[in-house]
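Among the features that Swiss-Prot reports, substrate binding site is placed at 6, 62, 138, 139, 140, 141, 171, 172, 173, 193, 194. Taken from Swiss-Prot, the feature divalent metal cation binding site applies to 29, 31, 62, 171, supported by sequence analysis. The feature active site, proton acceptor is assigned by Swiss-Prot to 31. As annotated by Swiss-Prot, active site, proton donor applies to 171, with the evidence given as sequence analysis.
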């Protein structure tokens with residue numbers, strides 16, 4: 001299992017130390033919120049540029065914004081590995097996904113908990129990652145919604161049919177109590193914020209999620 005600690009849960013007063021404490025992660029998950037699509041504001045490109053100078057861990061950028069094309073171009077110079085947009089918020093998602101791909105970045109598509117998985121069927125060939133929200137977006141520290149496990153199974157079947165190389169990622173309320181179920185549901189990447197950043201040993205917490213089979217053996 002690949003693990004992406006969510007910087008939304010980090011202490012920004014000590015950002016360098018926080019990032020070093022999760023340096024064994026597979027990705028750093030960055031939530032970009034504009035205060036319009038979701039009722040919260042987070043980091044911009046200046047903060048994220050500092051992050052790239054502190055860490056070699058690839059960036060996984062999740063855009064929760066009204067104008068995804070603008071923000072994709074704004075963050076592209078920082079060379080994130082992934083930029084994901086919300087299916088619910090784009091009139092022309094293919095166009096935005098192609099823009100992200102043309103910028104040399106893996107495009108991803110995001111589904112909120114209430115959005116039907118069939119809505120992304122015709123987008124799957126255009127993305128390298130599907131991100132399923134297992135909480136309602138906008139704030140960290142929320143409880144995992146169990147209904148998303150069934151959705152994972154359905155999305156994984158769509159991925160197998162339309163784009164087998166596409167990764168399945170889940171974000172929200174992920175911890176050591178539900179990681180095995182997520183693995184069984186076909187999830188490839190988990191985003192975890194509060195669980196990791198509240199752990200006494202963050203690197204050990206990450207390893208526990210990464211090595212889910214061994215930790216449960």
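Please read every residue number as a count from 1 along the shown chain.
Cβ atoms are placed via backbone N, Cα and C, with glycine included.
Sequence features, as recorded in Swiss-Prot, placed on the structure.
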{"residue": "29", "record": "divalent metal cation binding site", "Cβ contacts under 8 Å, 6 or more apart": "4, 5, 6, 7, 8, 60, 62, 171, 191, 193"}
{"residue": "31", "record": "divalent metal cation binding site", "Cβ contacts under 8 Å, 6 or more apart": "6, 7, 8, 42, 62, 64"}
{"residue": "173", "record": "substrate binding site", "Cβ contacts under 8 Å, 6 or more apart": "134, 135, 142, 143, 144, 145"}
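Other residues of the chain with a Cβ within 8 Å of the Cβ centroid of 29, 31, 62, 171, the divalent metal cation site, are 4, 6, 8, 30, 60, 61, 84, 131, 191. Per-site Cβ counts within 10 Å over the binding-site residues 6, 194 peak at 6. The Cβ of residue 62 (divalent metal cation binding site) has 27 other Cβ atoms within 10 Å, all protein chains considered.
The 10 Å shell around the Cβ of residue 171 (substrate binding site) contains 26 further Cβ atoms across the protein chains shown.
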